[in-house]
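If you check TrEMBL, you get these features:
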type: DISULFID; residues: C223-C225; note: disulfide bond
type: DISULFID; residues: C256-C259; note: disulfide bond
Amino acid sequence: MSDTISRFIFDNSDVRGEHIRLEKSYQDILSIHHYPPGVANLLGEFLAAASLLSATIKFEGALILQVRGDGEIPLIMAEANSKQELRAIARDANEAMSTDFKTLIGNGQLAMTIAPDNGKPYQGIVSLDGNSLAHCLEAYFQRSEQLATRVWLCANGQHASGLLLQQLPSIKPDLDRWEHLSTIAHTIKNDELLNLDVETLLYRLYHQDAVRLFDSKPMVARCRCSRERVAQALISIGREELDDILLEKGQIETNCEFCNRLYQFNRSDVDALFEQGSDITRH
Ligand SMILES: [Zn+2]
């Protein structure tokens with residue numbers, strides 16, 4: 001029931017929906033870092049939102065939702081990819097004691113990056129207007145995509161859930177139907193969103209609206225860091241600086257900031273990194 005994302009549509013309508021409910025994947029991510037409750041809740045909303053948004057686009061790759069602000073959390077981000085894998089982090093957030101969105105985030109920018117496995121990333125940015133992540137996302141869609149979109153998000157440290165309604169691009173949108181469907185969804189309460197499975201929730205909201213639910217897809221917490229990616233980052237730092245670290249510490253150690261996995265490189269590892277591509281420059 002939990003850790004699944006489900007698509008639904010309405011018969012004879014240009015409105016589609018996505019529903020997400022996370023439990024284990026959310027808790028797996030929270031167990032890596034020890035966040036204060038307000039941060040853990042907001043991170044759950046980011047995970048739910050990134051999952052919903054990645055499900056609305058057809059692509060192979062990752063969708064990254066990120067906010068940099070001047071509030072209690074300098075940076076918060078969540079990533080969902082087309083294999084339904086999730087990761088997230090709130091950087092330097094251990095002292096963030098608020099539960100209020102504005103206090104946690106402050107003023108800043110919301111960036112949505114679509115990073116295809118093959119091809120250039122695309123990034124859309126909006127300033128943070130709104131008292132919740134859901135409102136900021138709705139404003140984002142209004143401005144940058146001009147798609148009528150409504151988002152509901154809720155998380156409590158145990159579950160993270162979300163619902164998205166979106167009017168698909170059409171020459172003659174059925175505004176009355178959109179108004180009707182989004183008004184009904186607006187009656188949803190946080191505890192319903194957190195605790196009900198998708199069938200029960202949709203029945204409660206739309207039993208008079210010919211809603212059609214597709215098969216659910218499983219979501220998991222999985223980081224996409226790798227030794228190869230870390231090696232690339234080390235190469236970009238440059239040989240000289242790496243030699244300094246080796247001289248001082250004997251080896252290079254770095255943790256992935258998402259999953260905390262430790263990567264170690266000793267002197268011969270570093271030698272190997274620079275031997276592979278540097279022959280041309282040496283001769
Ligand atoms: Zn990692």
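Backbone N, Cα and C define each Cβ position, glycine as well.
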Check each residue in the chain of C256 (disulfide bond) that is at least six apart in sequence and keep those whose C-beta is under 8 Å from its C-beta; list them in sequence order. C223, C225, V230, Y263
Using a 10 Å radius around its CB, how many other CB atoms surround C223 (disulfide bond)? 19
